[in-house]
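Report on the structure given below.
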Amino acid sequence: MSSVVHVTLPDGSVREYPQGITIAEAVAQIGPRLAKAALAAKVDGRLVDLSARLEKDCTLQVLTFKDEEGREVFRHTSTHIMAQAVKRLFPEAKLTVGPPLENSFYYDFDLPRPLTPEDLEKIEAEMAKIVEADYPIVRQEVDREEAKRFFAERGEDYKVLLVDKIPEDEVVSIYTQGEFTDLCVGPHLPSTGRVKAFKLLSVAGAYWEGNQANKQLQRVYGTSFESKKDLEDYLFRLEEARRRDHRRLGPELGLYRFEEVAPGFAFWLDKGYRLYRELENWSRKLQEARGYEEVSTPWIVSSKLYETSGHWQHYRQNMFEIRAEDQDFATKPMNCPCHCVLYKSQIRSYRDLPLKIAEYGPLSRFEASGTLHGLLRVRGFHQDDAHLFVRPDQIEEQIREVIGLVDTIYGTLGLEYEIKLSTRPEDFMGDIELWNEAEAALARALDGMGRSYKLNPGDGAFYGPKLDFDVTDALGRKWQCATVQLDFQLPIKFDLTYIGEDGKEHRPVMIHRAIMGTLERFIGILTEHYAGNFPLWMAPVQARVLPITDRHHAYAGEVVAKLQEAGLRVEGDYRNEKVGYKIREAELLKIPFILVVGDKEAEAGAVAVRRRGMKDLGPMPLADFLALAQSEIASKAMDEACRKAASGTRD
C-alpha cells in the first residue's frame, strides 16, 4: 500500500494525498477553478513551483494573481520570456539579472548598442511568439561547477559570477523554457502561455551590481497582467501618473520649483506657499484644540546634543555638518533631541503629563543626489512634528487621540489608509515587560476603535513599537505618511523624569508622531492625488475675476476687493485678451471659480459663475456667490473636479 501525506490548507482543513503527488495534481483535486488560477505555491512557508512534489505532511498555500507573491512569480516568469526574446533577436546579448517589481519587472542586458523604441516593438513581438508556443518551464538542480561550465560555454560571464555568489549551502538551480535556460532560484509559472498580457515600457541605464565603476548595462522595464483589461488599466494609471507628476504641475501652476543652486530644497512660490500655509495652519488649529504647545527650537545645534541622543554615532552620515570656532555643529535633522532638552528644562510632575510639544520648523537631511525626487525626496523639509511625553498608563489614551487626529485630517482630504503595527525586534532595548505593555496598548487602542491593521512582528525600531499609516492615492499607489512611534530610549539617554504620586522619580514614555509627515512630500502627494485640482479651501487662488472689456475693469476691481475683504484668495485678470482666452488659461491653472463680469453683471451687482469641471452656473448676485464659497470653504468640501481626480477614474 502506497504512503500518503496529510496536507493542511489555509482554511484549516486537512487533505490526504498519495506521497509524491505534484502540487498541480493536488490542486486539481481541490477544484478546477483554483487549478486554473494557480501560479505557484508555498509549502511549509517556502515558495515552490506547482511541479514540486509533496513528500511529507505539510501546510500548503496555493498562490494566484490575487496574492502579492503570486504576482511576483508571474512577473518573474515575464522577465525570462523577455530575456528569451532578447537572446533570439540579439544573440550577442549577455544576461545579468531580472527581478520582478511591485507592478512591473526588468532585466539588465549587456548589449553592444543602445536599444531603440523599434527594438522594443520587435522584442514584444518575439515575446508574443514565446507565449503562443506555451513552452513548459522546467526546473533543474545542478552541480555548482556544472552550472559554471554551462554558462561559460555560452559566453554568459555574468551568470558565472552569479553562480560564485551563491552560498555553498544553497542549491544551484536553472530554469529552461524552449531553447532558453537561465540561472534562477524560482519559482516560476508552469508554462510561458500563462502570460497573456504584457507591455515593454522603457529602457534605462544601469550598472552591474549598482557600481558606477562597472560597465553600464541596459535595463529594459516591462509589465504584465493576467488579462488585457488589467494591463490597459495599469497603462492608464501609468499615463495618469505622468500627467499628474508634481514636478511638472508645480511649476505649471506656479506653486514651487527646483534650481541647481540648491538640490533637494524647494523654492516655494507665492501660490505654493499659500497652499503650504493653509495646510500648516489647519494642522496648527487642530493641535491647539488638543492641548499641544507649539515651540521653535534652534536650527543649528552642537554635536554634543546628538552625541547624547546617539544620532552622532548612528546618523551622522545623513546630517549636514558645520565646523565653527573649533566646535562641531549640525543642521537639525529631527526635532526630538531639542524637545527632550525642553522637557528637561524644568521639574515635571505626573500632573503635567501628557506634555505635547509640536514644531513646524525647518529640518534637513543629506540624501544622495541620485535619490532626490521633486518634493517626494528632498534634503530640506518641514514636518507637522510633535512629541508626547506620557506616563505608561496614558499610552493607550494618547494613541487613540492621535489616531483620531489622523482620521480628521485624512478623512477631510479624502485619503484612505492602512495601518501597520510593528512590534519588538530581536535587538530591542529596554524592559521586555514595558515593551509587552506598550505593544498591547497600541493593539488595544486600535481594537477599541474598531480598526483593522496588519501586524509586522519584529519590524519595530530597537527603541519602541510603532504604527505606520499607508495612504492609497487616486492611482492606487501607497505612500507611508503618518507615523506613531513609542520611544523608551531617548528618555533614558536624556535622563528625563517626572515626580509620581508616590513622590518618587519615574521615567516617561516618549511618543514621536507626525500626521502629514513631511509637508513638502505630503503636498507632492496631494498635487498628484488631486491632479492639481485642490479643494477650494486650500486652493492657492480660489477665484479669478475676468472683465469682458476695459470698461468693466472698475467693477471687476470692486468684486476682487469685496471678495478679498471677505477672506477669499481672489485675483483679477485685466490683460487685453479675449475673454475666451482668459477663461481657458484659468481652467488650465485649475482655479475653482471663474467669475466673468460685463455690463449685465455690473448693473445687477452680480457675477457670471463658471465652476471648475462643470458647466456655467450662470449669473449670481455677488452676495450669493460669496455665501456659496464661504460655505464650501468652511465645510472643506470637494467640488466635482476634485472628487473625480481623487477617484482616479477615466474621463
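Glycine is treated like the rest: Cβ placed from N, Cα and C.
The feature domain 'TGS' is assigned by Swiss-Prot to 1-64.
The region 'Catalytic' annotation in Swiss-Prot covers 245-535 and is backed by sequence analysis.
A 10 Å cutoff on Cβ-Cβ distances gives Cys336 (Zn(2+) binding site) a total of 21 other Cβ atoms nearby, all chains included. For the recorded site, Cys336 (Zn(2+) binding site), the DSSP three-state label reads helix. Annotation source Swiss-Prot lists Zn(2+) binding site at Cys336, His387, His512.
Look at the binding-site residues His387, His512 and count other Cβ atoms within 10 Å of each Cβ; His512 has the fewest.
With DSSP states grouped into helix (H, G, I), strand (E, B) and coil, the domain 'TGS' (1-64) comes out at 14 helix, 27 strand, 23 coil. Computed over the domain 'TGS' (1-64), the whole-number mean pLDDT of the model equals 94. Those residues of the chain, other than Cys336, His387, His512, with a C-beta within 8 angstroms of the mean position of the Zn(2+) site C-beta atoms are Met334, Asn335, His339, Asp385, Ala386, Gln485, Asp487, Leu490, Met510, Ile511, Arg513.
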